[in-house]
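S.K.: Pasting in a structure now, in structure tokens, and then I'll have a few things to ask.
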Amino acid sequence: MQARGQVLITAAELAGMIQAGDPVSILDVRWRLDEPDGHAAYLQGHLPGAVFVSLEDELSDHTIAGRGRHPLPSGASLQATVRRCGIRHDVPVVVYDDWNRAGSARAWWVLTAAGIANVRILDGGLPAWRSAGGSIETGQVSPQLGNVTVLHDDLYAGQRLTLTAQQAGAGGVTLLDARVPERFRGDVEPVDAVAGHIPGAINVPSGSVLADDGTFLGNGALNALLSDHGIDHGGRVGVYCGSGVSAAVIVAALAVIGQDAELFPGSWSEWSSDPTRPVGRGTA
């Protein structure tokens, strides 16, 4: 299977699995910056058999201080979550959302960092499923308890590459900022106390790797995007955003074309919390 097929699944492919009766665990990870709790929307309509996962409460650990707005969960707490969701050994997992692939990319990153195999993002999310004529169910889904084992208790040192704040600021890595340009420039900052970016970072908004319909760009377009920003394919790349959510979209997009990338989980919310760290503003 090519890299793209290891990261993404199309609505047609998923529908085929469901119709064939093939086992699959589907996680609904709806999350928006302005509406972080997607549970009500989930209850109103979701993919058949999908289980809701809270990005805020289950894919983050807010008891951790000093690591940004969405610290990574512990392996133990994540194992309880994925077993609640019915995830089993050797059963594929599909994650989806309805906005900008942020929720599903975060789930994909967290689950794969934990050592869970065969996790894919529904390309285009819920809109793609609806456009393909996929059926929708309502209400809560409570599956049989799963048995999957999380292999890493510390996801900061799990199976996906990460950056610390010190590493993000030390150079030696091409650092990408996945936030919208106005936040990168420091024109506005709707969430964190300080506006701006990590000096030396390149602004590659998470939305720039998606087509108008919310699917990931084709491999050729993704490679061209790297070239346009002067990013060497195969070189060391780090990615951050506000708090380690939308940056996962860029990490996933790079994985689609076989490029590893290191996520800075604390991102700008961690970096900017220390007044001794430098702040870049403007386009450079």
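Glycine residues also receive a Cβ, built from the backbone N, Cα and C atoms like all the rest.
Remember, predicted model here, so these are calculated numbers, not experimental data.
Here's the feature list from Swiss-Prot:
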- Cys241: active site, cysteine persulfide intermediate (ACT_SITE)
- Arg183: substrate binding site (BINDING)
- 20-138: domain 'Rhodanese 1' (DOMAIN)
- 169-280: domain 'Rhodanese 2' (DOMAIN)
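If you look at the structure here, what lies around each of the features I listed?
M.R.: In the three-state DSSP assignment, the secondary structure recorded for Cys241 (active site, cysteine persulfide intermediate) is coil.
In the three-state DSSP scheme, Arg183 (substrate binding site) falls into the helix class.
Confidence over the domain 'Rhodanese 1' (20-138), given as mean pLDDT on the 0 to 100 scale, stands at 97.
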S.K.: What is the three-state DSSP composition of the domain 'Rhodanese 2' (169-280), stated as helix, strand and coil residue counts?
M.R.: 35 helix, 16 strand, 61 coil
S.K.: Using all protein chains shown, find which of the recorded positions Arg183, Cys241 scores highest when you count other CB atoms within 10 A of its CB.
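M.R.: Max Cβ neighbours within 10 Å, all protein chains included: Cys241.
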S.K.: Rounded to a whole angstrom, what is the C-alpha distance between Arg183 (substrate binding site) and Cys241 (active site, cysteine persulfide intermediate)?
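M.R.: Checking the Cα atoms of Arg183 (substrate binding site) and Cys241 (active site, cysteine persulfide intermediate) gives a distance of 10 Å.
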